[in-house]
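A short worksheet on the structure shown next.
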There are 2 protein chains.
Amino acid sequence: MAQTADATLGELGEFALISELVKIFEGDEHVLVGPGDDAAVLRIKHGHVVVSTDLMVEGRHFRRDWASASDVGHRAAAQNLSDINAMGGTARHLTIGLAAPADLPVAWALDFARGFAEECASVGATVVGGDLTRADEVVIAVTVLGQCTQAPVLRSGAQPGDVLALVGRQGWAAGGLAVLGRGFRSPRVLVEAYRRPEPPYAAGREAAEAGATALIDISDGLLAEAGHLAEASGVAIDVRRDAFEIPEPLQAVGAALGADPLQFILAGGDDHALLATFPDVASVPAGWQVVGEVREGQGVTVDGGEHDGPTGWTHF
Amino acid sequence: MAQTADATLGELGEFALISELVKIFEGDEHVLVGPGDDAAVLRIKHGHVVVSTDLMVEGRHFRRDWASASDVGHRAAAQNLSDINAMGGTARHLTIGLAAPADLPVAWALDFARGFAEECASVGATVVGGDLTRADEVVIAVTVLGQCTQAPVLRSGAQPGDVLALVGRQGWAAGGLAVLGRGFRSPRVLVEAYRRPEPPYAAGREAAEAGATALIDISDGLLAEAGHLAEASGVAIDVRRDAFEIPEPLQAVGAALGADPLQFILAGGDDHALLATFPDVASVPAGWQVVGEVREGQGVTVDGGEHDGPTGWTHF
């Protein structure tokens, strides 16, 4: 293995690397055929299958000098597992496509796969297939399959009068990214939050069971995602500034960078917190905080007015 | 739409393009939630879910000057639909991830999506989700979900004494690729076979029902795939040269390029023909041709001896 790990993808070759990768991904009793055939075969007991796909591109969604291969694996898995969370479902199986230059160290690919598998294992999900090919830059394509035991919670069910609630750390990853972008490595807790997010994986199903009317995960920024939810539901959403406590590390980064720390919370993604609407405050589960309300109309406001600042990020 | 189609991805923006793309992909009665939410939701009636994923990279798996956007869409879909065919299953639902530079014409993305959707529709499958992001080169990541009504046919079931059989055009796409690589555009039938393969989509299920012991689709070359099948089954496979009739266009290309036309058949992929093993000649379905036999041992031989030439292609 030492020899393998010291090689590049080009030196080791596609099939040798695949055979190493397959060892990292263990199946479970629902995986009738795992990696290695033309397709994987899964036993689906009952109910609905929930499926989502995401791409991560080196230099855009991650940098190899800002996070370890294992961290990138954790993040790639978390981003996709979070999409199933945002439907009120439970993630079960994933596929990974890895496009990479021939000079990518094999050790990077293996550590990436180990981090990916660890994050999946933390919610009981397994990797069942994948593809590996050459490209000029590293592109990671993940598809996740999950199941819903109750009706999935869509973006489109919010009603005027509902309350808007948030669960999970929010703004920490954006703060960490800002720090890394300036060449710093601390506050370490924020940098770690960016490198290895901790999405509230149990909260999606909790929200569904508590009667959430709409649910979305925050990957593109809180206000941006609130906008997607408002548009899909045909409602307006107002977010209250004073609903957010600014955690101490974000205050420190704001002061150091001369930025309003609330911006990390309002426009930050990458923590994969969840945003949901509930019929009333009484139905909001423990651990969630009410951060706004749903009104008639359209668009997103902050304290009733237009938000002066970024709301999230766009890909083009 | 004229304005949209004339724009680049960077000019139009991610969300505007997604809203155009979603119009191209129609659901079916099993798609409870299609593109636009955090995940798609599919109704799975019974049985096993078969899942496969593939990457295509510009300059490596396709060139925009060698095939139209629609052709690339057809090929990307065909490659994945074929993986479900190679399990004896029926493809149902697909996701597409598209990573592309900001200067990619929107018209290319839309034509690609239309070609992709057309190929899927030809087998009754639909696109249920996707992702779009920026990258330096075009990378297409597809995941396909299918169902098996009988036990899936794996690569690993071949037994000594079985016969090896082939269905579908084989070598045509490789001939077309060789022609394009020399800067020619004819024989047109080969170039078209490369641009828009016509996999034998009904043949996988037929093989399963006829009692095929092993099944694989030929995407990396006939001898290479025979080798994968032999390795997974723990057997040797011998391929007979005289089993193959060389179609006239391949003879013409062989003569023009000074190449043995049989090489296109033995080492060519991209037609997505199927290779299967059956217990005996009597069980081989109509339309398949017997091209070899399964023996004890390991590896692949041609007419009992080592093959002198390429067996397929490798990605690194």
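Cβ coordinates are placed from backbone N, Cα and C, and glycine is handled just like the others.
Just so it is clear, the model here is predicted, and its values are computed rather than measured.
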Which of B:ASP65, B:ASP71, B:ASP83 belongs with B:ASP38, B:SER52 in the Mg(2+) 4 site listed by TrEMBL: B:ASP83
Largest tally of Cβ atoms lying within 10 Å of a Cβ, found at which of the binding-site residues B:SER52, B:THR53, B:SER219: B:SER52
Closest of B:ASP38, B:THR53, B:ASP54, B:HIS61, B:ASP270 to B:GLY130 (ATP binding site), Cα positions, binding-site residues only: B:ASP38
B:ASP270 (substrate binding site) and B:ASP217 (Mg(2+) 3 binding site), distance between Cα atoms, whole Å: 10
Distance [Cα-Cα, Å, rounded] between B:ASP54 (Mg(2+) 1 binding site) and B:ASP83 (Mg(2+) 3 binding site): 9
Residues from B:SER219, B:ASP220, B:ASP270 facing chain A - binding-site residues, CB under 8 A: none
CB contacts for B:ASP270 (substrate binding site) [other CB atoms within 10 A, all chains]: 26
Around the Cβ of B:ASP220 (Mg(2+) 5 binding site), the count of other Cβ atoms that are within 10 Å: 22
